[in-house]
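*Asks:* These came from TrEMBL, pasted as-is:
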type	residues	note
ACT_SITE	E386	active site, proton acceptor
BINDING	H385, H389, E408	Zn(2+) binding site
COMPBIAS	48-61	compositional bias 'Low complexity'
DOMAIN	313-541	domain 'Peptidase M1 membrane alanine aminopeptidase'
REGION	40-61	region 'Disordered'
SITE	Y474	site 'Transition state stabilizer'
TRANSMEM	12-33	transmembrane segment
Amino acid sequence: MAKGFYISKNMGLAGLLMGAVAGVVIIALAAVYDKEKTKNQNKPVDGVTTVSPTTSSTLSTPKNPWEYYRLPDSLSPVSYNITLWPRLVVNASTGLYIFTGQSDVVFRCEKETDLILIHCNKLNLTLLSGHRVRLTGLDGATAPNVISSWLQVKTEYLVIQLKGKLAAGKSYRLSTDFQGELADDLKGFYRSEYTEDGVKKVVATSQMQATFARKAFPCFDEPAMKAVFHVTLIHQRGTVALSNGRDVETVNTTIDGAEVTKTRFEPTKRMSTYLLAFIVSDFAHITGSIENNNVLVRIWARRKAIAEGHGYYALNVTGPMLQFYEGYYNASYPLSKSDQIALPDFSAGAMENWGLITYRETALLYDPASSSVGNKETVLTVVAHELAHMWFGNLVTLRWWNDLWLNEGFASYVEYLGADYAEPTWNIKELIILYEVHKVFAVDALASSHPLSRKEEEVNRPDEISEMFNTISYSKGAAVLRMLSDFLTEPVFARGLSSYLNEFAFNNTVYSDLWDHLQKAVLTTPGMSLPHTVHDIMNRWILQMGFPVVTIDTATGHITQKHFLLDPDSVVDRPSPYNYTWMVPIKWMKGGVEREQHWLLQETDRHVPMTTAGSEWVLANLNVSGYYRVNYDTDNWERLINQLTADHTVIPLINRAQIVDDAFNLARAKVINTTLALRTTRYLSQERDYIPWESAIRNLNYYILMFDRGQVYGMLQAYLKMQVSPLFDYFRTVTADWTRVPTGHNDQYNQINAISFACRMGVERCRVLTSVWFREWMLNPDHNPIHPNLKTTVYCNAIAAGGVEEWDFAWTMFKNATVATEAAKLRSALACTKVPWLLNRYLDYSLDPAKIRKQDCTSTISYIAHNVVGMPLAWDFIRARWSYIYTEYGGGSFSFSNLINGVTRRFSTEFELKQLKQFKEDNAGVGFGSGTLALEQAMEKTAANIKWVAENQEQVMNWFSNECT
Ligand SMILES: *[C@@H]1O[C@H](CO)[C@@H](O)[C@H](O)[C@H]1NC(C)=O
Ligand SMILES: *[C@@H]1O[C@H](CO)[C@@H](O)[C@H](O)[C@H]1NC(C)=O
Ligand SMILES: *[C@@H]1O[C@H](CO)[C@@H](O)[C@H](O)[C@H]1NC(C)=O
Ligand SMILES: *[C@@H]1O[C@H](CO)[C@@H](O)[C@H](O)[C@H]1NC(C)=O
Ligand SMILES: [Zn+2]
């Protein structure tokens, strides 16, 4: 589905702490509009990300078919003729924005029945000769009379009871006329508003996934109910109408006295309702095409954005990526056109409607003048993800939402291949480790996690369906498919995939259909053998939650696996059909040479050749192609740490990041000592690559949060300052004293990390650098000398080092900002000041809608709370004003959980726990709305933090102080 909001990756640590808050804010949005992944968040060491408990339908066996959420199998749609007319001005009689429509659906009766159930939600149906519908028999069939029809609100059906029976094998046409609200609720057919050149403009657009097509017209709204759609849109003269197919006829006409244009589209291919799209706007576009192909490729956006050239990057990469996918899937692009459109205020992120993909602006538009490398990468990867769905998901669709993980996991894996093809110099495939694998390790290591795959009967209600759109589905899906493709090899994987897509084109599948085709590809590959079938191996990864930690004893050659749990005291009460053991492909090396892959098929293997002595180390899970963590005997850990210090480049890049991440997480789980984990960071003073640094910073972030108010912090800072200074100086040199942009894609990210981490750890040269740049800008506000990549961190550090003058300047720039990303960078940076009265004033501003937009209120408070000086101020602030905040911002707001998470992230003392309990008691009458669960979790996490600090503080302190002397 739609991609979630992305956190730009160019923020570095100071920003990263904030990014975390922003990330969480967005996750909550995501929970509602569904959506997917946020990059650079869910710090693995925090273990704070929880997966909402899955509620199963507790249907007490309803009596009537219309009380079930799933359609009966008596009818199947063949084609629809839909005409929709959205009004982009308020309707005088209802005071609402509305749309009207007509729909004819032709369906075939599969089993004799006297009942028609069709999805219909929030539509007012016009009576047609006394009934809500008109039923016509086709090809000589006679339609029975309608006895009664009603709307079953809970299950979202239009129910039609017939006098006689529909005959199996016959076809019928059901006609409806209806009126709906074109609300600004982002669901179904809805409206989006924006201002251009001082003029308010309204766009009619749509978001059907997962269950909102029924809000646009009555339809059989399940993914397996594929049909052909003939769409006509009626719209105001001078506007453009778009839908899934190419427009084939546009006429100007007058309807009920209104001068309108009528646009008819070519019939779609056989497709699911959730992939439909209808858009009316006055947008402009640019055009391209796929080479040697008739496919029309267009990028649409606000006129101004197109005029300023912001669509070109997406256009430039779309053609090559479509070509890449055609080759990869061995199937040509199934449609005659590919439109991609950027919508202002599109909360979903992006949505893979077939032939008309919708995006939020930041995911499609790229402005070379003001965007950072992270902004550009977001466009690249989101486009790659959505285009991957054109085949996987759209051409071949999973039968039901319980298999959503395969659709989304697949697109989340393949997007890296598509992106890599379009930007081959970026090494983007490596980043999957940070963005997907580490991210989901954090969630999947909790006892509250859940398996990738659910049973079809467990997912029924719309809220159960939207629950499927979570990190597990996207990122774990991507991680296990990457592992699968690695042990099959990419060519075999692609061959199985292509045979699957060709066999099931325009139809529906279940996940085992893909296993069948991959297994077939294995059997037809000469010399290829697996210890078990694809089914046997993969079902262990998708039918049980979590993942193993593989422990290798290099003295004995015994290896064992165990379900990895971040909290060793947590209780797993979810049974597993495989007793929490997996079939684990282990790629490994000894003495710097890759050895033959080993399959760990049971709990323990004895006398595996992974033995070593002397200084020769064993390293397993090369490139982290497997979805598991690795632990070693102490001697081998020592060897690896010694190798890192002696010459880290001998160890593959991704594994350097992994050694750090495994060690910190194993320490959190009390499998190894905290000091052993800390020692994996010693070599960082020589590390120049982004991925290991980013992995370390994310892990150290927990230590920073736990200790930045206490005596440990001085030592911690001194140590990390020592470690990061060489990186800072390295970038000063390679950028010729900060005058050039590093050439490598990941080097650009690492430059951001170098500056933000160095400034944070008190490197004086860094403070001077950022303050001088900012000053230059203050002296000449029309000419910002700060490179877009570095803005977030430079603004933040300059404001932190400065006073009221810097703050007021940034505030003015924020108020004047015309580009959304620029305003966002300033808004987060304003929270970086260390001056208490400025922070308090900013807190007051956050509740003044004239100063901070209402939607940004809670994230602004969270930004302030992430500043160590701001945290107690923000906590006092929300305690004092809770009932006001709750009434003003609580209604339907999803960001309360993030506010509570943000403010309590550092909590690690008994006193804070007491305050939390008091807060809960004092405001029991007011309530906590969407923050209720977060408050409970905050108390739990605070208790866990208290424990962790008590157990680790002393040794951490001693370790840092030894390192610094
Ligand atoms: C649907 O519209 C198409 C094109 O306008 C027309 O050819 C077809 O007969 C219509 N089908 C139904 C069932 O109304
Ligand atoms: C639908 O009907 C209800 C009840 O009469 C009315 O309140 C609502 O405004 C109508 N909606 C539209 C979009 O016409
Ligand atoms: C319809 O009217 C619009 C605006 O009046 C005009 O720009 C357009 O060319 C007309 N289209 C056709 C097909 O006549
Ligand atoms: C798009 O491609 C053209 C031609 O290669 C190039 O000149 C232009 O800079 C590219 N634009 C962007 C934004 O990448
Ligand atoms: Zn998707």
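Glycine residues also receive a Cβ, built from the backbone N, Cα and C atoms like all the rest.
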*Asks:* Taking the Cα atoms as reference points, how far is E408 (Zn(2+) binding site) from Y474 (site 'Transition state stabilizer') in Å?
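*Replies:* One finds 5 Å between the Cα atoms of these residues.
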*Asks:* Measuring Cα to Cα, tell me the gap between H389 (Zn(2+) binding site) and Y474 (site 'Transition state stabilizer') in whole angstrom.
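*Replies:* Distance (Cα to Cα, whole Å): 13 Å.
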*Asks:* Tell me which recorded positions (E386, E408, Y474) have a Cβ under 6 A from ligand 5; sequence order is fine.
*Replies:* E408
*Asks:* Which recorded positions out of E386, E408, Y474 lie by ligand 1, going by a Cβ under 6 Å?
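*Replies:* The qualifying recorded positions: none of them.
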*Asks:* Mind checking which of H385, H389 has the fewest other CB atoms within 10 A of its CB? They're the binding-site residues.
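*Replies:* Sparsest of the binding-site residues H385, H389 by Cβ contacts within 10 Å: H389.
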*Asks:* Quick one: Cα separation, Y474 (site 'Transition state stabilizer') versus H385 (Zn(2+) binding site), in Å?
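*Replies:* Between the alpha carbons of Y474 (site 'Transition state stabilizer') and H385 (Zn(2+) binding site) there are 11 Å.
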*Asks:* According to DSSP, which kind of secondary structure is H385 (Zn(2+) binding site) found in, if we only use helix, strand and coil?
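*Replies:* Looking at the DSSP assignment, H385 (Zn(2+) binding site) belongs to a helix.
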*Asks:* Would you mind checking how many other C-beta atoms are within 10 angstroms of the C-beta on E386 (active site, proton acceptor)?
*Replies:* 31
